[in-house]
Amino acid sequence: MDLSPFETDNSVSCRLASQIPDVCRTEDCCLGIDEAGRGPVLGPMVYGICFCPVSKKQELKESKVADSKTLTEAERENLFQKLDEAKSYIGWALHIISPNTISTSMLQRSKYNLNALSHDSAIDLVQFALDSGVQLKEVFVDTVGPADKYEEKLSKRFPGIEVTVRPKADSLFPIVSAASICAKVARDHVVKGWNFAEDLGEVDSAYGSGYPSDPKTKAWLLKCLDPVFGYPQFVRFSWSTAQTLMDSKGVTVHWDDDDEDGEKAAQRHNNRSMLAYFSASAGGNDQNPTRQTHRFFTERRLKSLDTL
């Protein structure tokens, strides 16, 4: 599995896919959807789809695919290899949702919660398969939220396709199990080989499973917390685990602008208010053409404005 498109810039999300088997463009196909990494405070969430002709369901079942959570890492790797080698009739695609994307989505002013992010990712992957020419007739999904409402939503979005949404679908339908394995293998590889964009020196890689309840993860979060800047983008800032630690261990910042008129507070301290600073920068008075914008702003496509 070539993860280099995501590893080149792991601050943004990325879609990866296998070749589309020719038979999937001519025969009725089934497709399964599942995710890996919904709960961890570290690393990405990966949504995966796997699809094959309906006529190949039995062959897929005989390959002994199962819910990825019930398999060892070696078993998952072996099964993914088998799925990838069956490229004459099995295809897959992944949406790797970066922790940075998750954090900014959940913390932005107009909240975009994890369920909405999950639903949209699943819909985008189904649409990708359709746009690639896959003749979808059946879609099986591991539910996020109430199964009946999710099933109704997908059925309306994709009329003509029989949609089945069930809890624990990864243990009920082999095609969902296959999607679960693809997603889990990808996430494991990404987490193990995470490229820290921040200059952190020698980074301790013993961060455990990434789940908030894991003692190794807790210890890593405590060790890697910067009291001013918080965490690297490997950490989901929107998780309560990270927020609690930052609140208790981080430096408290007091903004005078919150307590009184910004200009008056700034003058009292012989300084400028934040509004005046950004207005001046946007207006060009204080612009320095040789100064580079910090990556925090460029990654989020933020620009200074002096008027609305």
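Cβ atoms here come from the backbone N, Cα and C positions, even for glycine.
What TrEMBL records for Asp34, Glu35, Asp142 is divalent metal cation binding site. Same-chain residues at least 6 positions away in sequence with a Cβ under 8 Å from that of Glu35 (divalent metal cation binding site) are, in sequence order, Met45, Val46, Tyr47, Gly48, Ser118, Ser121, Asp142, Val144, Ser180, Ala183.
TrEMBL lists 28-251 with the feature domain 'RNase H type-2'.
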Least Cβ-packed of the binding-site residues Asp34, Asp142 (other Cβ atoms within 10 Å) is Asp142
Around the divalent metal cation site formed by Asp34, Glu35, Asp142, which additional residues qualify by having Cβ within 8 Å of the site's Cβ center?
Ile33, Ala36, Tyr47, Gly48, Val141, Val144, Ala169, Asp170, Val176, Ala179, Ser180, Ala183
